[in-house]
Amino acid sequence: MISNGTGSSFCLDSPPCRITVSVVLTVLILITIAGNVVVCLAVGLNRRLRSLTNCFIVSLAITDLLLGLLVLPFSAFYQLSCRWSFGKVFCNIYTSLDVMLCTASILNLFMISLDRYCAVTDPLRYPVLITPVRVAVSLVLIWVISITLSFLSIHLGWNSRNETSSFNHTIPKCKVQVNLVYGLVDGLVTFYLPLLVMCITYYRIFKIARDQAKRIHHMGSWKAATIGEHKATVTLAAVMGAFIICWFPYFTVFVYRGLKGDDAINEAFEAVVLWLGYANSALNPILYATLNRDFRTAYQQLFRCRPASHNAQETSLRSNSSQLARNQSREPMRQEEKPLKLQVWSGTEVTAPRGATDR
């Protein structure tokens, strides 16, 4: 999440530097918007993706899309112009939107980790644990927390040291004030506590994936075990690595500002860590959708402008012609133990022996 509504602006005096930064920020904004639009379209056009699990992914995509449309363009303009040109009223609205949307984005990531944890650790009770009502309540809770830490806190001045406005009249800057209490509460609720829980849940998920791979290895399928464990490791490392790299520097700076004061951090460094946090919204469509096999298929259908039903029928027709021959050739092997696939994380499957999961 982000507690800073805008971030400090530092002037880019060198034209080459200004051009480079402009290109980088523009590309980041376009990727954020396009990537999350594709996620929303994929779910809207593909019935197979309309599941409770993907409710959180869609919520994440909508949140990041709104961030890309309502916040990032103004952040980029402010960063490049070195002054806030939209007045005091819009400054408070802008900073509140920034805090709210970044908070909601991180809390959606947090809920995705809990959802996957329940699916992997207790798959039989998953339909009982994750119900439509509980998903709806979770989504409402995400936005209640986000609004409380953004619009409510900023407009009531709970975040300020001695003033209620984020706007500086002397120097036209728009920056959220951070006092000690707001910095600590916001940092803990929206980053450090979710980070701790996510580390625990993903470690448990990885451990289960590794145990399943070991069972396969003991049955002689060492190659499948190695591939499965490698996929689980890479996927979980990518998910947690991106989250920590993008947000940990920002929240460290944010809490430090609450402890030492708003001017305790170099403006250039503060701007870098702020945009590093924004970059997480561009990575989310890749990490939480592209790594999922069903999403990859939906992307292919979307870019080919072909409906999912057409692809399914075509695949079915192609496969039916050779199904009888394959069934006859596989008949002697059906007595052997068949593997099951456990989706450890979106797009990552580890094969496990049926006996290991039927117990």
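Note that Cβ sites are derived from N, Cα and C of the backbone, with glycine treated the same way.
Taken from Swiss-Prot as is:
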CARBOHYD  Asn4  N-linked glycosylation site
SITE      Asp186  site 'Essential for tiotidine binding and H2 selectivity'
SITE      Thr190  site 'Implicated in histamine binding'
TOPO_DOM  45-57  topological domain 'Cytoplasmic'
TOPO_DOM  115-134  topological domain 'Cytoplasmic'
TOPO_DOM  205-234  topological domain 'Cytoplasmic'
TOPO_DOM  290-359  topological domain 'Cytoplasmic'
TRANSMEM  23-44  transmembrane segment
TRANSMEM  58-81  transmembrane segment
TRANSMEM  93-114  transmembrane segment
TRANSMEM  135-159  transmembrane segment
TRANSMEM  181-204  transmembrane segment
TRANSMEM  235-258  transmembrane segment
TRANSMEM  268-289  transmembrane segment
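Using a Cβ-Cβ cut-off under 8 Å and counting only residues 6 or more beyond its ends in the same chain, the transmembrane segment (181-204) has close neighbours at 1, 3, 103, 106-107, 109-110, 113-114, 116-117, 120-121, 145, 149, 153, 158-159, 236, 239-240, 243-244, 247-248, 251, 254-255, 257-259. Between the transmembrane segment (23-44) and the transmembrane segment (235-258) there are fewer than 3 Cβ pairs closer than 8 Å, counting only residues 6 or more apart in sequence, so the two stretches are not in contact. As a summary of secondary structure, the topological domain 'Cytoplasmic' (45-57) carries 10 helix, 0 strand, 3 coil according to DSSP.
For the topological domain 'Cytoplasmic' (115-134), DSSP puts the residue distribution at 14 helix, 0 strand, 6 coil. Of the candidate ranges 93-114, 135-159, 235-258, 93-114 has the most C-beta pairs within less than 8 angstroms of the transmembrane segment (58-81). Within the same chain, residues 39, 108, 111-112, 115-116, 119, 130-132, 135, 138-139, 288-289, 294-295, 298, 301-302, 307-308, 346 sit at least 6 positions outside the topological domain 'Cytoplasmic' (45-57) and bring their C-beta atoms closer than 8 Å to a C-beta of that stretch.
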